[in-house]
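K.L.:
For reference, the structure I am asking about is given below.
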Amino acid sequence: LPPPMAPRFGPLQLGLAAAGTAAAVLDVCVDGWVAAEYAWGGQPGLAALVLALLAIASVATQACSWLWLRSDPPALRPDVPQWLVAVLHLLQLGFLFRCLHALRVGWKVCWEKAEEEEEQSRMAFLSHDISMLRLFETFLENTPQLTLLLYVILQTDKAEPSQGLGICTAFLCVTWSLLDYHKSLRSFLQDKYELSRHSSIVYFLWNLFLICPRILVVALFALLWPYSVAVHFPLVWLAMFLWVSLQGTDFMESPGPEQLYRAMVAVILYFSWFNVAQGRTLYRSIIYHGFILVDSTLLALSWLWCQYPSEEHSYLVPLVSAALPCYLLGLALRVAYYKWLHPNLQMQQEGSYDVVDANGRTDGLEFRSLSVPDLVNRRMQWLAQAQFPISRTVGIRFLNVAAAL
């Protein structure tokens with residue numbers, strides 16, 4: 001059978017991209033509103049912390065965006081003066097500019113039909129970079145702010161409707177960013193099936209069930225000893241940073257920016273799994289989830305130990321007790337995804353590829369590229385090789401669930 005067609009960018013994708021851009025702008029506005037509420041409510045420390053998280057996430061995201069634009073081939077860069085792009089990034093508007101530029105290209109792809117295949121490939125490049133930047137921004141800003149918001153609610157022992165809505169929305173944004181990143185990465189590969197509706201739902205749910213307990217126990221630990229998180233986070237982050245460094249990532253163009261990338265990935269790993277190295281990930285996944293499971297359990301047990309026999313926050317005991325089953329459910333859903341719902345299974349069911357049809361390749365990865373010779377988005381190539389290491393030929397004969405974990 002011929003390889004599957006790469007996912008195409010259409011009106012639905014354009015609408016989702018526009019919604020994502022609007023959500024990014026709204027998120028910044030809401031953060032500013034929350035900081036103002038804290039300041040007016042006599043909590044300038046919390047207001048400063050919210051603004052600091054927003055600033056750190058924005059600066060890191062803008063720095064990555066600018067470094068990527070500088071290293072991209074000219075054909076992938078926006079057709080505007082580079083000094084203007086640099087100024088926009090200094091003003092913390094570079095990510096918004098990327099989103100608007102992608103919407104312009106997406107409109108051209110959907111309605112003008114000019115050089116359709118060329119623009120489809122270009123749109124895949126743009127969409128992936130935006131998805132990756134959104135993932136960085138979400139984990140650098142939203143997950144810490146979500147933990148902070150949950151901590152404030154638990155500390156004051158009351159929740160405004162807006163706070164409850166904010167927590168639900170933040171959880172959805174975090175897990176959606178992971179799903180969107182995975183789907184955009186698949187769109188870059190010429191021979192990868194899209195995620196089905198059921199696959200997307202399970203992918204979304206497993207990340208939700210893995211992230212929720214982690215944020216809950218960190219917030220409870222902060223409730224117990226507020227300043228202890230200032231010790232716990234740097235220690236775990238440093239361990240993750242060293243672990244990522246030992247895996248020998250080669251994502252950025254030079255050593256300095258590579259350290260920035262590793263630092264941001266370490267923040268993601270504090271809350272969620274993120275693969276950065278090529279090859280089978282079974283043992284790395286076991287090490288990571290084992291570490292996070294032990295660390296989160298210790299945080300939860302420390303809170304339970306100090307909480308008992310106090311009646312304060314006793315209503316949280318059942319919730320904390322359900323954190324471990326929730327995490328284990330997330331792991332079970334992940335195994336179920338790779339066993340029954342992974343798109344590679346569709347390739348198997350349809351007969352997959354004949355060895356001769358593989359064109360002599362053994363890596364199994366065919367990247368979407370533009371008609372310009374040697375024009376490849378190196379970042380996407382690296383991540384695709386890390387995320388999809390199993391070859392077509394090997395995939396026909398061997399689909400190990402654990403190898404995909």
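Going from the start of the chain as shown, residues are counted 1 onward.
Glycine too: its Cβ is placed from the backbone N, Cα and C atoms.
Those TrEMBL annotations? Automatic predictions, nothing curated.
According to TrEMBL:
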{"type": "TRANSMEM", "residues": "12-34", "note": "transmembrane segment"}
{"type": "TRANSMEM", "residues": "46-68", "note": "transmembrane segment"}
{"type": "TRANSMEM", "residues": "80-100", "note": "transmembrane segment"}
{"type": "TRANSMEM", "residues": "164-181", "note": "transmembrane segment"}
{"type": "TRANSMEM", "residues": "201-224", "note": "transmembrane segment"}
{"type": "TRANSMEM", "residues": "231-248", "note": "transmembrane segment"}
{"type": "TRANSMEM", "residues": "260-277", "note": "transmembrane segment"}
{"type": "TRANSMEM", "residues": "286-305", "note": "transmembrane segment"}
{"type": "TRANSMEM", "residues": "317-337", "note": "transmembrane segment"}
K.L.:
Quick one: do the transmembrane segment (46-68) and the transmembrane segment (260-277) reach 3+ CB pairs under 8 Å, ignoring pairs fewer than 6 apart in sequence?
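P.N.:
Yes, the stretches contact each other.
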K.L.:
Go through the chain and flag residues at least 6 beyond the ends of the transmembrane segment (164-181) whose CB is under 8 A from any CB in it; none is fine as an answer.
P.N.:
20, 23, 27, 30, 34, 131-132, 134-135, 138-139, 142-143, 145-146, 149-150, 153, 200, 203-204, 207-208, 211-212, 215, 271-272
K.L.:
Between the stretches 80-100, 231-248, 317-337, which wins on the count of C-beta pairs under 8 angstroms to the transmembrane segment (201-224)?
P.N.:
317-337
